Amino acid sequence: MSKTASSRNSLSAQLRRAANTRIEVEGNLALSIANDLLLAYGQSPFNSEAECISFSPRFDGTPDDFRINYLKAEIMSKYDDFSLGIDTEAVAWEKFLAAEAECALTNARLYRPDYSEDFNFSLGESCIHMARRKIAKLIGDVPSVEGMLRHCRFSGGATTTNNRSYGHPSFKFALPQACTPRALKYVLALRASTHFDIRISDISPFNKAVTVPKNSKTDRCIAIEPGWNMFFQLGIGGILRDRLRCWGIDLNDQTINQRRAHEGSVTNNLATVDLSAASDSISLALCELLLPPGWFEVLMDLRSPKGRLPDGSVVTYEKISSMGNGYTFELESLIFASLARSVCEILDLDSSEVTVYGDDIILPSCAVPALREVFKYVGFTTNTKKTFSEGPFRESCGKHYYSGVDVTPFYIRHRIVSPADLILVLNNLYRWATIDGVWDPRAHSVYLKYRKLLPKQLQRNTIPDGYGDGALVGSVLINPFAKNRGWIRYVPVITDHTRDRERAELGSYLYDLFSRCLSESNDGLPLRGPSGCDSADLFAIDQLICRSNPTKISRSTGKFDIQYIACSSRVLAPYGVFQGTKVASLHEA
């Protein structure tokens with residue numbers, strides 16, 4: 001082994017040992033960081049854990065004053081390790097059942113509208129009719145089979161057959177997946193028209209309703225869908241995502257809403273609207289009224305009509321879908337956008353001013369009162385704490401602005417127990433305190449205080465911003481652990497230590513083949529039959545199989561490792577030093 005390789009291995013071993021130490025301090029380190037930061041800015045510290053999640057900011061003063069006050073309201077609001085005596089799971093189920101009850105009332109109201117004697121439509125009814133026409137023009141009468149197949153895929157999450165640890169698509173290709181009775185015809189059609197091995201484990205109308213952690217006040221309810229249902233749901237979601245671009249709505253790009261939130265905070269002409277429990281409030285009746293019959297039938301075929309709760313009880317859904325369904329995000333974006341555009345049209349406003357990203361809605365400020373009325377009629381609840389139509393503050397898609405100034409806070413979400421946890425918090429503090437490119441001296445003292453809790457090697461190991469949080473953000477030029485190879489500089493970062501997972505070879509090859517088919521074919525899946533593959537297509541598929549590689553699956557061990565990454569080119573003069581007739585480059589001198 002060369003001296004260079006030996007040196008690198010020695011440094012890696014030192015850094016690895018440092019990364020696997022524990023941060024030992026008395027009390028709650030996360031709360032200590034938050035309180036010291038507040039004191040540095042002249043704010044009163046938190047007196048209790050309850051205050052951390054209940055403090056409300058004042059929407060006045062200068063941008064700098066508001067930025068600090070807003071940070072106090074947000075920094076610990078999503079922390080998940082407070083001991084408040086709240087049964088967060090029970091709170092989540094209470095909200096879940098309340099949303100179902102509201103959807104039932106909405107279904108009854110929308111299916112039996114109460115027209116007046118002169119048959120004048122209310123604002124809500126008028127918007128439904130206008131939105132229906134807009135949606136039909138945008139998405140057509142029925143979803144395209146070719147379009148759906150182009151977007152069909154397995155996600156990386158859990159299904160009713162596979163738990164999260166076996167969520168990778170290769171496991172889903174290897175194992176039979178469940179489907180609902182109405183989705184069975186889609187699976188059988190796919191089996192008859194493709195070369196993939198399509199197997200069904202169970203035919204059941206149920207999905208699995210579960211909770212996942214959210215914060216110290218409540219959990220979040222989601223639904224785990226049958227595998228084949230999710231496969232086709234994502235196909236429908238992909239079609240809707242493509243069609244929404246015709247309205248200037250790109251669900252792959254949050255920066256559109258972020259830029260417009262900035263504009264609204266300056267001009268006050270645009271409002272940001274947020275909804276409470278948006279995905280759990282889309283009733284069946286609303287979808288039937290808004291969507292073309294062909295589309296509504298397909299959505300009904302692919303949804304799970306019932307859910308099984310952890311206690312074994314069963315709920316028959318009054319909503320079209322929930323968080324966890326493969327088309328929920330795109331469908332809610334379509335519905336909110338169509339209603340908002342209809343409101344703007346009724347008020348003689350430019351409907352192209354409406355942009356949507358899920359339940360983050362931006363539209364002209366003067367349309368907000370009417371939109372609230374329409375949303376109330378169709379069963380949605382406006383989140384008044386996160387809806388802003390007046391004043392200098394706007395928030396959308398994770399960016400927050402006050403009079404045009406970026407006041408986006410950072411969050412401490414989890415307990416700090418490892419150097420990696422502390423590095424993440426310190427990096428977020430760095431980004432928040434250097435928003436204008438220069439360290440705020442008030443925050444810098446707090447940063448230096450808590451950086452000392454890291455092992456010395458990790459204090460000196462720095463990487464440029466934008467390369468993740470595997471090391472402290474800083475100048476790579478002063479990193480003593482950086483290595484140069486040619487013109488590339490490599491720096492060590494902390495990564496999760498993983499081990500290869502045992503996997504089914506069949507599923508691995510099928511997943512790789514499927515991915516290649518999607519990337520190399522205009523039609524998505526390789527089909528067969530009278531209108532499917534000919535001999536040339538079959539030869540192409542055989543070639544894909546020959547080039548396929550087993551998918552590598554790994555799992556985290558709970559420990560940390562060190563990996564060198566290329567972070568930048570070396571900064572050297574692009575010329576040499578003349579020595580007579582010879583030129584010696586500076587990096588060789």
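Cβ from N, Cα, C; glycine included.
Regional average pLDDT for the domain 'RdRp catalytic' (259-391) in the model is 96. Per Swiss-Prot, domain 'RdRp catalytic' is recorded for 259-391, and the stated evidence type is sequence analysis.
Taken from Swiss-Prot, the feature Mg(2+) 2 binding site covers Asp274, Asp359, Asp360. Under the DSSP three-state reduction, Asp359 (Mg(2+) 2 binding site) is assigned to coil, being neither helix nor strand. Over all protein chains present, the Cβ of Asp359 (Mg(2+) 2 binding site) has 20 other Cβ atoms lying within 10 Å.
Listed in sequence order, the residues of the same chain lying 6 or more apart from Asp274 (Mg(2+) 2 binding site) and placing their CB within less than 8 Å of its CB are Asp359, Asp360, Ile361, Thr382, Asn383, Lys386, Thr387, Glu395. According to Swiss-Prot, the Mg(2+) 1 binding site annotation covers Asp274, Asp359, Asp360, on the basis of experimental evidence.
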Same-chain, non-site residues whose Cβ lies within 8 A of the Asp274, Asp359, Asp360 Cβ center for Mg(2+) 1 are Thr272, Val273, Leu275, Ala278, Tyr357, Gly358, Ile361, Asn383, Lys386, Ser396
Per DSSP (helix/strand/coil reduction), Asp274 (Mg(2+) 2 binding site) sits in coil
The DSSP breakdown of the domain 'RdRp catalytic' (259-391) into helix, strand and coil residues is 68 helix, 27 strand, 38 coil
